[in-house]
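Right, I'll just put the structure down here and ask away after.
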Amino acid sequence: MVAIPYDEIVKAPKALLHDHLDGGLRPATIVELADGIGHPLPETDPAALGEWFVTAANSGSLERYLETFAHTVAVMQTEEGLHRVARECALDLAADGVVYAEVRYAPEQHLERGLSLDAVVEAVLAGFRDGTAEAAAAGRTIRVGTLVTAMRHAARSQEIAELAVRHRDSGVVGFDIAGAEAGFPPTRHLDAFEYLQRENFHFTIHAGEAFGLPSIWQAIQWCGADRLGHGVRIVDDITGESAPVLGRLASYVRDKRIPLELCPSSNVQTGAAPSIAEHPIGLLRDLRFRVTVNTDNRLMSGTSMSREMALLSEAFGYGWAEMQWFTINAMKSAFVPFDERLSIINEVIKPAYSKLITERPL
Ligand SMILES: O=c1[nH]cnc2c1ncn2[C@@H]1O[C@H](CO)[C@@H](O)[C@H]1O
Ligand SMILES: [Zn+2]
């Protein structure tokens with residue numbers, strides 16, 4: 001099986017829908033910011049700290065994986081900290097060849113040092129604007145939209161949904177709920193989702209990662225999610241070895257082209273998938289679900305969009321055609337307006353891949 005070399009994957013345009021701002025900090029930035037506020041870290045050497053995050057997140061449980069965020073959230077409590085993290089995020093994604101990204105975070109987790117919810121959102125938006133402009137000046141065009149997340153164990157989702165809608169014209173393109181899944185069903189936040197639908201706004205829901213089909217069913221049929229954050233456990237509704245048989249929910253998800261924001265490395269770390277090679281993405285792609293490839297948390301997984309693509313290329317033999325398919329799937333499923341999506345597909349993604357396919361068949 002031939003795999004696409006990593007450095008060629010970096011150069012190809014990629015689209016990313018599921019990336020957490022507080023899961024993608026540079027280790028060196030955490031060290032500097034933590035030093036400035038006196039926050040104790042498990043390691044103070046950036047390389048050792050980066051390794052610590054990956055090891056600690058390799059827990060096999062979503063709950064333990066999420067504990068590592070205490071150290072990133074701690075250094076994102078000031079306008080300067082939030083601005084810096086967002087700016088660096090845009091630069092890092094652009095350097096990795098990501099041309100479109102939706103980055104999410106939960107403003108309610110950034111109020112410990114007195115910021116208001118609106119000030120948090122504004123600092124992050126400004127960071128993304130500056131990072132994007134710097135990347136463009138260096139010849140790397142990236143469009144970054146933010147998703148505002150509410151924590152599913154908390155009870156602020158209505159307020160956070162209103163916050164997202166308030167900033168819809170300055171860069172917030174959607175809403176999400178995240179956090180521990182088991183015991184916190186999406187319907188706890190039904191009011192927020194109904195409000196968002198009335199506002200003609202977009203939202204995705206983390207569902208079908210650490211909990212199975214009931215969570216996915218609620219997210220879609222009760223809450224009206226546009227996309228599924230992970231959604232990987234939709235495979236629980238697919239039976240049959242040689243000829244797969246789709247249950248009613250899996251059929252619905254596929255028929256309605258509901259995008260699955262799959263995050264291979266993250267799933268292996270939290271125990272949602274045994275390995276990359278055994279990840280359900282292989283089956284879901286063969287069955288032509290609307291599959292997208294995502295990073296989830298670049299710091300906790302020691303990964304990047306290019307690395308996720310490279311791992312899949314190695315494990316499943318995917319070449320440019322599959323990579324283009326994942327990328328266009330993501331772009332079709334993005335929360336920015338249709339004309340913007342179309343122009344990135346037709347003017348950026350398709351020309352780049354047709355060149356790669358002709359010049360470097362893989
Ligand atoms: O894969 C995931 N599943 C559920 N929640 C997550 C995942 N990754 C991160 N977060 C949670 O989302 C918050 C806002 O970004 C993070 O602080 C983390 O608690
Ligand atoms: Zn996530």
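For all residues, glycine too, the Cβ spot is worked out from N, Cα and C.
Keep in mind that TrEMBL annotations are predicted by a computer and have not been checked by a curator.
From TrEMBL, here are the annotated features:
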DOMAIN    13-350  domain 'Adenosine deaminase'
BINDING   His18, His20, His206, Asp296  Zn(2+) binding site
BINDING   His20, Asp22, Gly179  substrate binding site
ACT_SITE  Glu209  active site, proton donor
SITE      His230  site 'Important for catalytic activity'
Just to verify a number: CA distance, Gly179 (substrate binding site) to His18 (Zn(2+) binding site), in angstrom, no decimals.
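Distance (Cα to Cα, whole Å): 14 Å.
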Kindly point out which of the binding-site residues His18, Asp22, His206, Asp296 have a C-beta less than 6 Å from some atom of ligand 1.
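Near the molecule: Asp22, His206, Asp296.
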Please go through the recorded positions Asp22, Gly179, Glu209, His230, Asp296 one by one and keep those whose C-beta falls under 6 A from any atom of ligand 2; give the result in sequence order.
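If the test is a Cβ under 6 Å from any atom of ligand 2, the answer is Asp296.
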Taking just the CA atoms, what is the gap between His20 (Zn(2+) binding site) and His230 (site 'Important for catalytic activity') in Å?
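So the alpha carbons of His20 (Zn(2+) binding site) and His230 (site 'Important for catalytic activity') sit roughly 13 Å from each other.
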What subset of the recorded positions Asp22, His230, Asp296 lies within 10 angstroms of the residue listed as 'active site, proton donor' at the C-alpha level?
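Near the residue listed as 'active site, proton donor' by Cα: His230.
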What residues, ordered by sequence, lie under 8 A Cβ-to-Cβ from Asp22 (substrate binding site) and sit at least six positions away in the same chain?
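Sequence-distant Cβ neighbours: Phe69, Thr72, Val73, Met76, Val85, Tyr105, Ala106, Gln109.
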Across the record's substrate-binding residues His20, Asp22, Gly179, the largest CA-CA distance in angstrom?
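That value is 13 Å for the farthest Cα pair.
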